[in-house]
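Trainee: First the structure, which I've put down as structure tokens, then a few questions once you've had a look.
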Amino acid sequence: MSTTSPGLDPAVAGRLKRDAAGLVAAVVQQYDTGKVLMVGWMDDEALHRTLTTGRATYWSRSRREYWVKGDTSGHVQWVRSVALDCDGDALLVQVDQVGPACHTGTSTCFDGRDLIAAVGSRAGPTPPTAAAPAVDPTAGDQHDDR
């Protein structure tokens, strides 16, 4: 794994904040529905390959090699856009997913098991939904008629 890639635009590389292994988290989202499909890891070379080929390329932390989503399974991720978050330590990769995203055969790696539900009553009360504060429509119109 290379931390820097001679092919990655230096302006992009300069904005990345990598972990100790030289990696940045890549949150992968279906471009037209917003559904989060998976989280992968990219170094500069994986990001460069992703941007230049239009196919999502990741660094496998367990196998210690690059992998292109779909090369083995046929479940290709065609890249529609890549954005860097405000801190520079995560990427949002919007893709057109062909077939399931997860190696288990499900559409997403997030299986729907809600961890809050697992905590149950220990989590405390459910926070209220956010609502806009009530505004007095005349509050800004008051003036002194002296």
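Glycine is no exception: its Cβ is also placed from the backbone N, Cα and C atoms.
Found this in TrEMBL, in case it helps:
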- 38-110: domain 'Phosphoribosyl-AMP cyclohydrolase' (DOMAIN)
- Asp85, Asp87, Asp89: Mg(2+) binding site (BINDING)
- Cys86, Cys102, Cys109: Zn(2+) binding site (BINDING)
- 121-146: region 'Disordered' (REGION)
- 131-140: compositional bias 'Low complexity' (COMPBIAS)
Trainee: For the domain 'Phosphoribosyl-AMP cyclohydrolase' (38-110), jot down how many residues DSSP puts in helix, in strand and in coil.
Mentor: 10 helix, 30 strand, 33 coil
Trainee: Which entry in the list of binding-site residues, Cys86, Cys102, Cys109, has its Cβ near the fewest other Cβ atoms, using 10 Å as the limit?
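Mentor: Counting other Cβ atoms within 10 Å of each of the binding-site residues Cys86, Cys102, Cys109 gives the minimum at Cys86.
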Trainee: Measuring Cα to Cα, how many Å separate Asp87 (Mg(2+) binding site) from Cys109 (Zn(2+) binding site)?
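Mentor: On Cα coordinates alone, these residues lie 25 Å apart.
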Trainee: What is the average pLDDT across the domain 'Phosphoribosyl-AMP cyclohydrolase' (38-110)?
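Mentor: When the pLDDT values over the domain 'Phosphoribosyl-AMP cyclohydrolase' (38-110) are averaged, the result is 94.
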Trainee: For the binding-site residues Asp85, Asp87, Asp89, work out the Cβ neighbour count at 10 Å and name the residue with the minimum.
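Mentor: Among the binding-site residues Asp85, Asp87, Asp89, the sparsest Cβ neighbourhood within 10 Å belongs to Asp87.
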Trainee: About how far apart, in whole Å, are the alpha carbons (Cα) of Asp89 (Mg(2+) binding site) and Cys102 (Zn(2+) binding site)?
Mentor: 23
Trainee: Taking just the CA atoms, what is the gap between Cys102 (Zn(2+) binding site) and Asp85 (Mg(2+) binding site) in Å?
Mentor: 24
